[in-house]
Amino acid sequence: MSSTSTTGTDWTRRSAAELADALAAGEVTSVELTQAHLDRIAAVDGDADAGVHAFLHVDAEGALEQARASDARRAAGEPASYLDGVPIAVKDVMTTTGLPTTCGSKMLEGWVPPYDSTVVAKLKAAGLPILGKTNMDEFAMGSSTEHSAYGPTRNPWDLTRIPGGSGGGSAAAVAAFEAPLAIGTDTGGSIRQPGAVTGTVGVKPTYGGVSRHGLVALANSLDQAGPVTRTVLDSALLHELIGGHDPLDSTSISEAVPALVDAARQGASGDVSGLRVGVITELRGGEGWQPGVLARFDEALEALVAAGAEVVEVSCPNIVHAIAAYYLILPAECSSNLAKFDAMRYGLRVLPEGVESPSAEAVMRASRDAGFGDEVKRRIILGTYALSSGYYDAYYGQAQKLRTLISRDFTAAFEQVDVLVSPTAPTTAFALGEKLDDPLAMYAGDLATIPANLAGIPGISVPAGLADEDGLPVGFQVLAPALADDRVYRVGAAVEALLEKKWGHALWAQAPELTTRQGADA
Amino acid sequence: MSASTEDLMDFDAALERYDPALGLEVHVELNTATKMFCGCPATFGGEPNSQVCPTCLGLPGAMPAVNAKAVESAIRIGLALNCEIAEWCRFARKNYFYPDMPKNFQTSQYDEPIAFDGYLDVDVEGETFRVEIERAHMEEDTGKSTHVGGATGRIHGAEYSLVDYNRAGIPLIEIVTRPITGAGEKAPAVARAYVAQLRDLIVALGVSEARMDQGNLRADVNLSLAPKGSERLGTRSETKNVNSFRSVERAVRFEVSRHAARLEAGLSVVQETRHFHEDSGITTSGREKSDAEDYRYFPEPDLVPVAPSREWVEELRATLPENPTAKRARLQTTWGFTDLEMRDTVGAGAFGLVEQTVAAGAAPQAARKWWVAELARRAKDAGVELAEVGVTPAQVAEVQGLVDAGTINDKLARQVFDGLLAGEGTPAEIVEARGLAIVSDDGALGAAVDNAIAANPDVAQKIRDGKHAAAGALIGAVMKEMRGQADAGRVRELVLEKLA
Amino acid sequence: MPDTPPVLTRDQVAHLADLARIDLSDDELDHLAPQLSVILESVAAIQGVAGDDVPPTSHPIPMTNVFREDVVRPGLTAEQALSGAPAAEQQRFSVPRILGDEQ
């Protein structure tokens, strides 16, 4: 709200809903909006060495062409949707015709899919110009975006810090005003945790609520695509647009998308009287929890109580095993999913050195060694082990049973309360490189987000302020029963409204200014 | 690879000392319009890589969706094999790397097959033998590789390979028997009869083209030997892709002799995959089964369980064709075949063909005669299954129709079959083009008779003297002049008339 | 399983990498094997938490019988199919010589 550009209004500082209204009112064209965001990207995104580096591919030409088509529709009085003409960024894990889809991996460098993911097809049908593809941990494996083969994304709040992961690119793009909207995917928190550490809003829908067709699978039974935005209302608008049953995804649910925009508007009134809020005992602090995170979380709780909510503590005892279960299920599924990257049909092909006329098998081995990074190899090998005969029951089988126990804990909890809440992540953004060679420490940061993926329930992370120790964003997570996505929007919007009222502004208004090529060593 | 030099024991001698245990795994390629998990056509023979989509090409992000018709066909096959149909079952991923498998896992079923615990009663030389079915499950086919370079176009020695994924994802049903023991010296015949009668059943269900030569039906033959009287099963070999009924029988015979020779020499049988060679009738070693073959099965997370309602199962049961054993008994009576004729018909693999030929209008005995004598001989000469000899039941019925109408006789009919096998058109077209029609026009015949009388005055005189038996010589001369295309009865009448 | 310590030896990691068709270098094996042991030890903690009576959850939202009608849908052209191929010839994917057997 503070910053303005030389031409007057800085369109990059507006919410998507505001942009849609401005488009509808004829105050601005989609070409102008799109150009403003492309300019912002050019100014602050930089590259692997400096800048935010939220984008792996920017499609200026394609986005402007879509923007022109949008303006033509609007001029003809036939906008394709409310968000027609509002630009968006898409995580590089979603297939896009005409745009590379690398999943942050060398394995897919330069691969241009011959088909659109269902989510992207819906965005195109609704008229949202696609600015480009955002950076991510390789094949979505990671919590910091440092595992991208193309260099890390940097947190716009502090360019020496991680933006969270795996969808650090989408969150950072939105936090740095490079895009008003972005698509993320959340397997163990990859939308919500980046949202928390970049001061943005991220939603993981109910499993099956958004089609996975064209989402390059990490762990099929956990993956969900969802919105990444700066406001809860924007997430609701985007979620309604991309959600719904898809016959191409057999695991997509047939239930209609709940009225999310209505829920967000209702929540924005700040009235939560009668709402029963459960604080998850196991995610309430302890070793590894940063005091500043807990302080902001408590303030948000107090705001809810002051607005009429009833807050109680609820135990979900089995979620202490969630990380272990997750790090068995995920590697198992991904070891199989990633087998297709074998240098035969697409992607990187590397010939082994010093071998004359190498066999297909030798080329597969050499290509997979060259094309995959360390984290991917770790998980593939762990998953191969977990699925091996003789180990299946002890590992994958046990992990699947734990999912049952965790789901039962949630079911029991939701008999007592309407929503469950916790801090989204135990700490604020850590320094780039800090946990890169300590996988367990990295995994531990996902403890609050993983349980929702295991149980398939929806969750939102909304900004809860800045931690006192480091001045970095903290996220407040709201979880609801499966299919009750509207509840996370209602409560998320209420928290957002109550805190903004308390602060007198949105959190992102406090975001530091980024200068062109900031962080460059030159 | 020195398998061709492997020692063999005489088959009969082997069976004096060992009991064979058979296991058969048959893959049936369904004739659905689309593939198992995507909407690509499942038809045979398109341009390379023209019947593919992101799903069957295994592109990143693409998801599978189960073909309802394939599930229906699987259930019908299961029911026809007297199986239980699972109330709840899942697809599973079978993980292994192979360039013609787009995802490097095959979506199959593992410990939860859609159908299990069934049987098929097969007729073997007049006896009924019950083959127990362990399971029938759904899975997808792989792509097809063409090997370039090297001497033979085979995989070994090739410089590189070219892959076409049109076949990848076509629905397959894999039918697995329990170990078949107690067949003794009839083991090869039981194996053959099982595959042949399973094929008949699949054809009757209408769920597959079921042509072995086209790979619609592929059999793997597992065999082990145990010392006579011993309870335990021996180490088994698995002979892959045996492509005809006759080859099934030969592969069993060969493996019995090979296993016996090894055991007799104090060698162990290696658990391995073997390949059958149609030309020589032998099997050669493929890859050894090892712990490297850890398929790491787990439930396919992109698909939800299949839970066929009992109502659906019963609806499908009502669509099943008649039980094959009952049907054979019924048709034997209807057709008026003797036991021997029936046994020969079934043994020649002609039962279904005769049935279809009769349905197309031919008399049962005529249909049997063509298939079991004439066409079976031709199939044997060509080294193919009778069903794949190149003549259809409808064509046989049409040929017999021409015989019945007096247009041709049996001898000429054989020439019509020559024409059919040479692809010269329909039977009627062949008769026309080859000028095979019997001449019954008295003008042409009369001239030929006059010529014969003129050329054989002595014979003519004998006939005038009342020695009608002498007419044969004149008739022969006329038939010769007419190149066989004359109605011999009419010729005789004309000769006698003219010399009365 | 629970009676053996959940540690992955270097040889086991090499075998698993072989199963997964990844040509790990000696350096990578040295580096990954201890990391994997630490991870495995940590995740192995779940063994025995859920009893035999607990059914596994493979899908968080239970559904059954999701089928597609047997109707042809347009797919890709051969050109599109081959667009990402590292090598192609005669409208087919060209792959290096295949070891082992015909499938």
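Positions of Cβ are set from backbone N, Cα and C atoms, glycine also.
Neighbour count (other Cβ atoms within 10 Å of the Cβ, all protein chains): 32 for A:Lys91 (active site, charge relay system). A:Lys91 (active site, charge relay system) falls within a strand when secondary structure is assigned with DSSP. Annotation source TrEMBL lists active site, charge relay system at A:Lys91 (among others).
The annotation active site, charge relay system is assigned in TrEMBL to A:Ser166 (among others). Other Cβ atoms within 10 Å of the Cβ of A:Ser166 (active site, charge relay system) number 34 in total over all chains.
Annotated active site, acyl-ester intermediate per TrEMBL: A:Ser190, in sequence order. The Cβ of A:Ser190 (active site, acyl-ester intermediate) lies under 8 Å from the Cβ of A:Met136, A:Asp137, A:Ala140, A:Ser143, A:Gly164, A:Gly165, A:Ser166, A:Gly167, A:Gly184, each on the same chain and at least six residues away in sequence. DSSP gives A:Ser190 (active site, acyl-ester intermediate) a coil state; it is part of no helix or strand.
Per TrEMBL, the feature domain 'Amidase' maps to A:32-488.
In the three-state DSSP assignment, the secondary structure recorded for A:Ser166 (active site, charge relay system) is coil.
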